[in-house]
């Protein structure tokens, strides 16, 4: 009892001491020795790198690099016995000898005194080296080379054993030589618990392991303590990788991947994956190119890529050791090899990475009594491998049903593979050795929660059943797997087993024969259906096929024996070894196999496309429509001189989207002529399209298509391509494609088809193109008008010029070709594909000035021109007045001159016509009202000019203020101008009446009529334009001008836009209101104009004609001249006003499509002249009249004394 108590106390103390030690280890390495910067998900790197060292310049290339927290860079080179070092801010390389280390291949640094090196190419030895004392300490010996090593913060070393498809760990704080497997089962594969040549590894602070699973083209994440990984990079929803070799994380857990065979480095972030370096994916030595990079590392400030990799994995926390519960020691001498008639050298397992002469020697049944986690280890002085299988072992393929692969001891190390096992399941441990005469004993140890039962299996074989027959030229034929010719004779034998178990089926023949085993049935049109196992002549020795599998009682099986060539014939025998007898029955009612053939060639005149749909159109192809008359399984293959590829589509084939409607795709190289092949089920009367292309771009080949199935199929060649080439230059027109996104060069192409149908459009260009298809016409400021379709596909984030449309004959279509980014220029080729030729003709476009705005906010101008229209393109935003153009400055000067002149004119006129005597007739009243109106007109005109100027320079004008000005100011200005025009015409009419009446002119009636007209006229004018404020509103749009930074790297440029915002006051009328406005415009401008003209003519000619009846001695011409001289003051004023009214009439009726920016000075002159009548009342009416001048002088004399007083 005392002994037991002491033992328990010692056990608890041991546990407590172990936990303290583990905690202490974690504290020691709580701070990482490498750099993990905290980076923005949008961080950018210069695409051009700086070469520190290269084999050309320095005579060596780095094998791996490491950058410590002090930004010191360390590198080692292959077969070099020293380490290279760059200190921070230094380009000089220092070199330090290892003394007693030979050719290290990998490096990891945990502190300035602890450098860990991996040496040995075939097996890895990890050695700790002190750079100060040059002392070396052996740490661990792995039986395989570590492609990458990583030491986590809990002081556990990780080794990426590439050739074993596993990740192993060794706790550096323990003296034990035991090595744990934390990822991979030792067999290559792509499922969640398997790896395929893993390389770079990284372990984060949570001890999660990231693995660059090279040959699976993915990054695997193994959570701490878990053996099933998750693909975090390399899925269809992330980004495609090709042989990644390194992975690392920054402080924000963004994943950085060295995508080796794509020659780039990519990163994940909150916005998805993007490329950082080597984005052209071109192999090269330029500063922006990578040549198969292997690794990367961060410094404290930036990111340093190199052509060696610092790899990252996820660390798995070390699990405390279980007590060893079960062990089995045994000696294997002459165990069966399951290969009876072959030389020893031929019985290898290369396809599962076994030594060439390895043999299955021992099978051990493992019985589990308690569910839990178990660890297996094998001790032997010989080189042995262990495979743990579920249910049974197939000695021809040890990876079948294998749960893991375990290697035996290597020096003093033990590899332990943890695995979760269950009860009531049969597990078999198969032990394989390279030496057939192995005599040394071996031991199998199992650690777990309970004892297990280990029992050596009896693997002796007994022949239980035999079937013999003969194949000749009369036997039925089919197409063997991967071979297109219908040239193999076969025979199918049906059998059942009376006892469930593992059976070995051996086919023996005098000639080479293939063997197939099926469950339930055999389909000669699809050899893969129900297939359990197969064995071909190139897999067997001495013409003996060999299949080992587990067969179930009361299940029907079919064994098929086939010849290799059409003329082969001979006898064969089938031997079945197993726990009980089987019975055979020959199958005779097998349907006949028929083959169809098509011959053609791919040349420089063939159609072109991109097999991926994402690259350049540089592969020749031919599209064939297959007509199937009977539903069934068909095998489609080809024969050629070259490397063909094949794809099968249903209903339609889109040249520019090859993944659409795809049924089958096969481009693998098979053992039979390197030809593609696929088997699929085709339905009668369905439309299928077979596309034949080549593995390499620009390759010309001859080929034949072979279709094997229950009936013949017919072939029809389809598709015609039309091409159009051009270039976008700086002279190409531009338009705002995206809402306010700068200027995009574009070209429009007229499209006409010879036959109605579905057509595909794509492009070849280094530019990222965008396309739209329109019917009849294209409006650059309203690109969606008449739009039928547009390009909308993307590949890996790269936008594609591609769309499909149904086009009708005798219809005109407009194809728009532009770019995704603004201000881009370059060559392009448009490819149209369909059943007939497509005619593509370039259109010369002239952009209409009727429309302003962008594609999302456009406004079509009507008739008339305002100061906004004239100066809109002249005023520069956010630019002070002194830096504005000459036109703007001169316009401001003229405006102020007109304002000063107009105010003087108005005040002098007002001073003149305030005289009571002048207002005894209607003319005086009209001119007094006109004087007041002119003051308001010139004031409002000046205010509007400066408001427009200020608004265009500074778009941050208060919106409500701008809206009020837009709604009310222009209509008010119109009222003033119309009123002034009508008042002037009233003066002309009254003068004409005065001339007509002569002495009979009634001044009282004239005065009374004038007062009524002055009151009614404003009401009348307001009533005619009262609708205008309801149709006036603010129109806003933006335009972004493409900008560039002078210091920006050309290969990694970031597009910068300078946004220009425009706010305009516009009028939007319905068509009937527009017609009404035109009528009103003629009413207010043409009628006063005609009144002035007619009044002037009547004053001259009417008065002259009346006097000609009295003064007969003078001719009519003399009287006309006399009237002109006599009434010159009455004639001059209407004529001047008539001439000055013409520009206003022209501007008011001019089309809004006129582009004033072509000649702004001309339109500004006309606009300013149209307002001069309002500032010439004094000059036109007062100065020519003696009466008005006398009155003005009298008023002025009266005003002067009053002002002196």
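Numbering starts at 1 and runs along the chain as it is shown here.
Cβ from N, Cα, C; glycine included.
As written in TrEMBL, here are the features:
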type	residues	note
SIGNAL	1-21	signal peptide
REPEAT	197-225	repeat 'NHL'
REPEAT	240-271	repeat 'NHL'
TRANSMEM	890-913	transmembrane segment
DOMAIN	904-1181	domain 'G-protein coupled receptors family 1 profile'
TRANSMEM	925-947	transmembrane segment
TRANSMEM	967-989	transmembrane segment
TRANSMEM	1009-1027	transmembrane segment
TRANSMEM	1080-1101	transmembrane segment
TRANSMEM	1130-1149	transmembrane segment
TRANSMEM	1161-1183	transmembrane segment
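Count of Cβ pairs under 8 Å against the transmembrane segment (1161-1183): among 890-913, 967-989, 1009-1027, 1080-1101, the largest is for 890-913. Listed as Cβ neighbours of the transmembrane segment (967-989) (distance under 8 Å, sequence separation of 6 or more from its ends, same chain) are residues 866, 922-923, 926-927, 929-930, 933-934, 936-937, 940-941, 943-944, 947, 1010, 1013-1014, 1017-1018, 1021-1022, 1025, 1028-1029, 1032-1033, 1065, 1084-1085, 1087-1089, 1091-1092, 1095-1096, 1133-1134, 1137, 1141, 1144, 1171, 1173-1174, 1181. Residue counts for the repeat 'NHL' (197-225) under DSSP (helix as H, G, I; strand as E, B; rest coil) come to 3 helix, 16 strand, 10 coil. Broken down by DSSP into helix, strand and coil, the repeat 'NHL' (240-271) contains 3 helix, 17 strand, 12 coil.
Within its own chain, the repeat 'NHL' (197-225) has Cβ neighbours under 8 Å at 32, 147-148, 150, 152-154, 158, 160-163, 165-167, 182-184, 188, 190, 231-235, 240-249, 253, 255, 257-258, 260, 295, 309-317, 319, counting only residues six or more beyond its boundaries.
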